[in-house]
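**Student:** Take a look at the following structure, please.
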Amino acid sequence: MSGYILAIDQGTTSTRSMLFDRNMRVVGLGQQEFTQHFPSSGWVEHDAEEIWKSVQSTIRIALAQAGISAADVAAIGITNQRETTVVWDRISGKPVHRAIVWQDRRTAQFCDELKRRNLEPLFTEKTGLLLDPYFSGTKLAWLLNHVPGLRERAQKGQVCFGTIDSWLIYKLTGGKAHVTDATNASRTLIYHIGENRWDDELLDILGIPAAMLPEVKDCAADFGMTDPALFGVSIPILGVAGDQQAAVIGNACFEPGMMKSTYGTGCFALLNTGTDRVTSSNRLLTTIAYRLDGVTTYALEGSIFIAGAAVQWLRDEMGFISVASEVSALAEKADPNQRIYLVPAFTGLGAPYWDAEARGAIFGLTRGTGRAEFARAALESVAYQTFDLLEAMQGDWKGATNHTVLRVDGGMVASDWTMQRLADILNAPVDRPVFLETTVLGAAWLAASRAGIWPDRKGFSERWQRDCRFEPAMPEKERESAIAGWRDSVSRCLTRPQ
């Protein structure tokens, strides 16, 4: 049986390759971690060649596990860590520097300089993003300013810039394709999301030559054919999306007003706003959710820095649990009469506060506070931060209502207790899918639908399966009191008034 779909999920700490059959069942999986480099405080880098090797390795593992050959694969879909920046030689394919990862903060001072020049409104108007080191544009500017001779080579078209998807497509096609998709382009700080083009004015401000930029395609498109020297056959690459946008697709959030939230180390929530390119007044990001058949669908995005990382903190630094899976059972034992708040601003606060200098704190401690109360506070902090995002989205866009259903994925959502508390605090239903690997599923659907093997959007949405719906059950007075306590706690951690 042919018609298998290969989905590559290139993440921040590991690479996974997953094979799906025609019935959307997983038949093979390869996973491999790779090295994290920290050359200086606040700097994070990856070896792009090591990432490429991990992709090749995991593909071979997945094929072997499935017991099929590459000739049985009908199409490839790719999803990737967003914003991470690679520059490589157009002829040799060799990177000129290690990839600068999305977490890297080396361009913070440069971003501050641009803000002092009052340029943030211009960048936000065109890209939907904020002037922050998080995004690719200032990382690329740093490389052009610090790698000897790179600017001249870029002006001559001798080097290529790309996010990880672009780098992998270049390598998979044997250097024949220098392309990206609209979702990854929308995270670079140099792409006009309203006009769907690289923006000359922003390129000029950052000093980036247009000759080094990839062609931007729809998320489901012909991105090129794999080099037959790699796997013995040429396989079409037909789908690409950044990881959070791929999760929107994998959760079948195709209608305006649908929202997904991914809970891993941090949390990323995206709200589908349809063709409305909403400008946030609450410092949320406006981004491209996906572009299909030439039609751009937008989203509001909010990011939380600390979600599952709060549980890791309880385990690794506090020693309250030995494994992360213990935390829910421990939280259930907490004294309901104690109201403890953990504001997990270990690395500042993300949306909608964007306070990099804020630091974590715990409020409400009594002599009776113990491990169980800490566990509950850590899990509740995720719910409260998600509430902050949803409230900001409702303030920005009329389509976000109290009837919004949140579809969730990521490691934390396996906990029934956490999901119920999330529904209670949001006062909104929370849907957990049967298949939790929605990011890689989204990449697979893009490729499979383009190949005509899997159903279209409507058919895929109908096949999306819910494992459980968590309905809000907390009395309104209790909920309002809990949220008031959270707001008071956050206000004490902020370094500037909101």
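Here the Cβ of each residue, glycine as well, is placed from N, Cα and C on the backbone.
Pasting the relevant annotations from Swiss-Prot:
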BINDING   T12, R82, E83, Y134, D243  sn-glycerol 3-phosphate binding site
BINDING   T12, T13, S14, T265, G308, Q312, G411  ATP binding site
BINDING   T12, R16, T265, G308, G411  ADP binding site
BINDING   R82, E83, Y134, D243, Q244  glycerol binding site
**Student:** How far is it from R82 (sn-glycerol 3-phosphate binding site) to G308 (ATP binding site), counting Cα to Cα, in Å?
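**Tutor:** Given the Cα positions, R82 (sn-glycerol 3-phosphate binding site) is 19 Å from G308 (ATP binding site).
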**Student:** Any idea of the Cα spread of the sn-glycerol 3-phosphate site, T12, R82, E83, Y134, D243, as a max distance in Å?
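**Tutor:** Across T12, R82, E83, Y134, D243, the two farthest Cα atoms sit 15 Å apart.
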**Student:** Identify, in sequence order, the residues in the chain of G411 (ATP binding site) that are 6 or more apart from it along the sequence and have a CB within less than 8 Å of its CB; answer 'none' if there are none.
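**Tutor:** Expected: Y263, G264, G308.
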**Student:** Expressed to the nearest Å, what is the distance separating R16 (ADP binding site) and D243 (sn-glycerol 3-phosphate binding site) at their Cα atoms?
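**Tutor:** Checking the Cα atoms of R16 (ADP binding site) and D243 (sn-glycerol 3-phosphate binding site) gives a distance of 12 Å.
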**Student:** From the centroid of the CB atoms of T12, R82, E83, Y134, D243, the recorded sn-glycerol 3-phosphate site, which same-chain residues not already listed sit within 8 A by their CB, in sequence order?
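**Tutor:** Filtered neighbour residues, in order: Q81, T84, V101, W102, R187, G242, Q244.
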**Student:** Counting Cβ atoms within 10 Å of each candidate's own Cβ, which of the binding-site residues T12, Q312 comes out highest?
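**Tutor:** Result of the Cβ crowding comparison: T12.
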**Student:** Calculate the distance in Å between the alpha carbons (Cα) of S14 (ATP binding site) and Y134 (sn-glycerol 3-phosphate binding site), and round it to a whole number.
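**Tutor:** With the alpha carbons as reference points, the distance is 20 Å.
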**Student:** Once R82, E83, Y134, D243, Q244 are set aside, which residues in the chain still have Cβ within 8 Å of the Cβ centroid of the glycerol site?
**Tutor:** Q81, T84, W102, R187, G242, F268
